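As structure tokens, the structure follows; a few thoughts come after it.
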């Protein structure tokens, strides 16, 4: 007999009127083991350049009916790209807007993954004790050791990052100083921080989570309501081109901007980023 899982969002008792994804949506879109593979970098980077991760520091995203979606950074979208980059020789630092700890969507953590979970445990302190982004931005110059900025996905990227002047300054520095920018799924919402000033990403093409898919997820209880705005629409208004309208695990390179469409693209994006950065810094 087939057991039917509920499509009702699950209550998050830590906050009033807040909800996790439904049992059904978790059964469809999460797994206890990731699809990590292809981690093969026989000549890793040995220098000082590293990755700056701009992580989410807020958990609750309001929806159109007043209910809160309990979110953060998606673990797969965060950890798989970093696993590849770390294996390729690039260390990383974590920063949040507030300097407070990174929020993760723990309901998507691959708890039985024998490679990803030890990697997370090894680096958990970086996420628990991040730098304050404003302090990082204040120290940026042409000689800074950051080779890339990485903005992980998860709906937590919709909270605060799109309005942050510090995010804008970090992205402007990266593009103008020929550094890589890496992101996937909802992470490119951070690019909206550039829309009210100098926008060096005007004309760039990316992969990202489609607005059309976000409009469907409440039907299966992934979110407890609809979003109040859609980041893809806003990115297009600021001159960016989203090349995908579906979710296939697609990745894309436009100059030094590397992007992926969803958690299904996390492993491929990690490979792409590691290969591109090795070619640039370890060649």
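Backbone N, Cα and C atoms are what each Cβ position is placed from, and that goes for glycine too.
The Zn(2+) binding site annotation in Swiss-Prot covers 86, 91, 123. Sequence annotations record features per position, and here Swiss-Prot assigns active site, nucleophile to 185 based on sequence analysis.
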Any further residue of that chain within 8 Å (Cβ to the Cβ centroid of 86, 91, 123) of the recorded Zn(2+) site: 51, 82, 85, 90, 92, 119, 122, 126
Surrounding CB atoms that lie within 10 Å of the CB of residue 86 (Zn(2+) binding site), all protein chains: 21
Residue pair residue 123 (Zn(2+) binding site), the residue listed as 'active site, nucleophile' - Cα distance, angstrom, rounded: 22
Residue 185 (active site, nucleophile) versus residue 86 (Zn(2+) binding site) - Cα distance in angstrom: 21
Number of other Cβ atoms within 10 Å of the Cβ of residue 123 (Zn(2+) binding site) across all protein chains: 18
Residues that sit under 8 angstroms from the residue listed as 'active site, nucleophile' by C-beta distance, when 6+ apart in the chain: 74, 77, 153, 154, 157, 208, 209, 260, 261, 262, 263, 265
